[in-house]
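A quick write-up on the structure given underneath.
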Amino acid sequence: MRKYVIMGVQGSGKGTQAKQLAADFDLVHISVGDVYRWHVQYHTKLGAQVRRAMNAGELVDDSTTETVVRDRLALHDWNYGFILDGFPRNRRQAQFFLESYDVDAVIHLDLPDSEVRRRVLARRLCSNCGMDYNLIEHRPAREGRCDACGGELVTRADDTEEALAARLADYHAKTDPALELFRGKELVISVDATAAKGAVQRAIREQLGLPQPVRKPQADRRR
Ligand code: AMP
């Protein structure tokens, strides 16, 4: 049984790294943001309650979020363990978590604000079909146009310098203290998240003492 929490600023690759660990070690990936998005999409009572905070990019209140996490973990569908992504986001949530559950490790993806800025400000979205682009990793073939439908590529409304600066300040003010609490319990492993995805995954596994991903054999070039 493995119980992990993964923490890191927006754009640090938490979702990607969590999904790979979950797939290879049969862990249940629990993303609190995904749970909330599901409720908003299906117009549940909880969805109506949290929609405003989500649309404003604010945190949902702690007691609602703690209930969501408690109910989700109470399903006990995680025979081999879980990886919790997006929770805790502040000191109170971290305290709640430590009082209610034991955790094997907190994986901290460490990314400097300058790199977050570079990654987030490179994001583009097709105004017609919604396909995501990133001018660093996934450039369109024709500048400013969607490869799939030719639609115009635009920046998300909340991906501006000012909005990002506010999100980063909020993250540091609220989530750094949660990380500090876990650090005090010697639960945190920190990984340099500026590296490529594969290297980040290997670094996480090395620090957690987990087996490394199996490399796919190279295609047979003789054929
Ligand atoms: P995320 O996908 O992690 O960015 O989460 C999307 C939204 O869900 C956030 O902007 C918050 O409104 C809400 N949310 C996710 N996790 C939490 C949390 N631990 N505490 C409060 N609100 C959260």
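Please read every residue number as a count from 1 along the shown chain.
Every residue gets a Cβ built from N, Cα and C, even glycine.
Sequence-distant neighbours of G11 (ATP binding site) (same chain, 6+ apart, CB under 8 A from its CB) are L111, E115, V116, R119, V120. Summarising the annotation, TrEMBL assigns ATP binding site to G11, S12, G13, K14, G15, T16, R123, A195.
Within the same chain, the residues at least 6 positions away from R37 (AMP binding site) whose Cβ sits under 8 Å from its Cβ are M54, listed in sequence order. Under the DSSP three-state reduction, R37 (AMP binding site) is assigned to helix. According to TrEMBL, the AMP binding site annotation covers R37, E58, L59, V60, G86, F87, P88, R89, Q93, R156, R167.
According to its DSSP assignment, C129 (Zn(2+) binding site) is coil. Residues annotated as Zn(2+) binding site in TrEMBL: C126, C129, C146, C149.
Within the chain, the domain 'Adenylate kinase active site lid' (123-158) has long-range Cβ neighbours (under 8 A, six or more residues past its boundaries) at 57, 167. Residues or ranges marked as domain 'Adenylate kinase active site lid' by TrEMBL: 123-158.
Within its own chain, the region 'NMP' (31-60) is flanked in space by residues 15, 18, 68-69, 72, 84-87, 89-90, 158, 163, 167, 174, which lie at least six positions past its ends and keep a Cβ under 8 Å from the stretch. TrEMBL lists 31-60 with the feature region 'NMP'.
If you look up TrEMBL, you'll see 122-159 marked as region 'LID'.
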Average pLDDT across the region 'NMP' (31-60), rounded to a whole number: 93
Nonlocal neighbours by CB distance (under 8 Å) for P88 (AMP binding site), same chain, sequence gap 6 or more: V5, M7, A94, F96, F97, T175, A178
Secondary structure content, the region 'LID' (122-159) (per DSSP, counts of residues): 0 helix, 12 strand, 26 coil
